[in-house]
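Pulled from Swiss-Prot:
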| type | residues | note |
| --- | --- | --- |
| BINDING | Gly169, Asp170, Arg171, Gln172, Thr173, Gly174, Lys175, Thr176 | ATP binding site |
| SITE | Ser370 | site 'Required for activity' |
Amino acid sequence: MDIRAAEISAILKEQIKNFGQEAEVTEVGQVLSVGDGIARVYGLDKVQAGEMVEFESGVRGMALNLEQDNVGVVIFGVDRDIKEGQTVKRTGAIVDVPVGKGLLGRVVDALGNPIDGKGPIVASERRRVDVKAPGIIPRKSVHEPMATGLKSVDALIPIGRGQRELIIGDRQTGKTAIALDTILNQKPAHEGSDEKAKLYCVYVAVGQKRSTVAQFVKVLEDNGALEYSIVIAATASDPAPMQFLAPFSGCAMGEFFRDNGMHAVIIYDDLSKQAVAYRQMSLLLRRPPGREAYPGDVFYLHSRLLERAAKMGDAAGAGSLTALPVIETQANDVSAYIPTNVISITDGQIFLETDLFYQGVRPAVNVGLSVSRVGSAAQTKAMKKVAGKIKGELAQYREMAAFAQFGSDLDAATQRLLNRGSRLTELLKQPQFSPLKMEEQVAVIYAGVNGYLDPIPVNRVRAFEDGLLATLRGKHADLLEAIRASKDLSDESAAKLKGVVEAFAKSFG
């Protein structure tokens, strides 16, 4: 038998070298039961609320219910591979997602994993999904406009940077279309070099069909808008915990821009589905149900999410995060639980109606029920000057239109009011994917409120608008530029605009 001394000494040296090293300790628990996307785990005594845990199969979960003898874990993935008796280990980290400019142009799931097949995400940092909203001191009141490119919104229900404006309506009333047009309207700013004008877009799709999300992404891509957008998708086929988490993940990604002195808008489409997913999780975790079987903290779920949208003061970098949550109502019932909750949290709502949609008023905004509680402070002076009248005139028109159904013989003043109102309603219609710049909206609305549309038949209003815009873009680009640069309609610009509109109105027909 050949004994090699060198070999033995090498083995001994190796053993001596490793002597006294601590074994790696991970805290583990055991699965007691699993089903419906919920696992009950025994033994994770020191686990934190909201901590990520990992199952043997590699699937991750989040500890939500910390009870005396077990932990209720919601599973971010399929629970088919998880069996009773398997071990579960703590990760020691609260749920976080990658954030940064590297996510722009990408489609990710609720945990920030790419689902668009374009390779791994290059993130600058990771952030917790559920953090406290900024306090009162670092904030500043909303004062800059967030242009949507839609006449009916920018003129009547203006939105400011840092505001939370709810888009509410039944299914198929064009809620997502408003959000999509808002994203497309940011393209000119991103083509320019002014960093402050740029608005990054985050779109969170919750509980939607995959085909719908794919179509949305394709429209963004075709219009060159995906490069400044992030899409977070938790589709209908994803587990409820993913649908619950997606808005928080999107918010963390949006907060990166807010906290670094940039501006972002986040669209939650839609929060009704997030509430349903949260209700499902809560009931399976045996939390006591409340009104409409939602858990008692469903208000807190939405308030803590929407409070994170803010306009920061100069000391905090002057960034902003604007939120456009979407809520789907059933048969125009705004008094249901979730709609009333979100209406009370947000700074105003854009109310869309099925009847208007089918009458051909698109976007189908009900101007009477829609409000913006803080947006008027952010409206540009030029828009304020022309849009001030339109609100009053439309309100009178609605009142008179209801009244005129009863009487046939109307006096001239009432008839004039009805004519003006029907033309202004026609003027506020706008086809999809054609957002207008602020200065173009000002010119068009100026023509409407100053009576230049009154002699024109209602069905020719659209042609008048197109013609006027073509004239302005072609021969009077300097006038549009003056309004855009000053954000005001000076006496000189107003006189010039009056001349252009008058001349065009004479030649039109």
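Using N, Cα and C of the backbone, Cβ positions are placed for all residues, glycine too.
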Once the chains shown are all counted, how many other Cβ atoms turn up within 10 Å of the Cβ of Lys175 (ATP binding site)?
26
From the Cα of Ser370 (site 'Required for activity') across to the Cα of Gly174 (ATP binding site), what is the distance in angstrom?
15
Rounded to a whole angstrom, what is the C-alpha distance between Asp170 (ATP binding site) and Ser370 (site 'Required for activity')?
15
What are the sequence-distant neighbours of Arg171 (ATP binding site), meaning same chain, six or more residues apart, C-beta distance under 8 angstroms?
Glu328
Excluding Gly169, Asp170, Arg171, Gln172, Thr173, Gly174, Lys175, Thr176, please set out which residues of the same chain place their CB within 8 Å of the center of the CB atoms of the ATP site, keeping sequence order.
Glu328, Leu352, Thr354, Phe357, Ala364
Long-range neighbours only, meaning 6 or more apart in sequence with Cβ under 8 Å: which ones does Ser370 (site 'Required for activity') have?
Leu156, Ile157, Gly348, Gln349, Ile350, Phe351
Using all protein chains in view, find how many other C-beta atoms are within 10 Å of the C-beta of Gln172 (ATP binding site).
13
Across all protein chains in the structure, which of the binding-site residues Gly169, Gly174 has the highest Cβ count within 10 Å?
Gly169
Among Thr173, Thr176 [binding-site residues], residue with fewest other Cβ within 10 Å:
Thr176
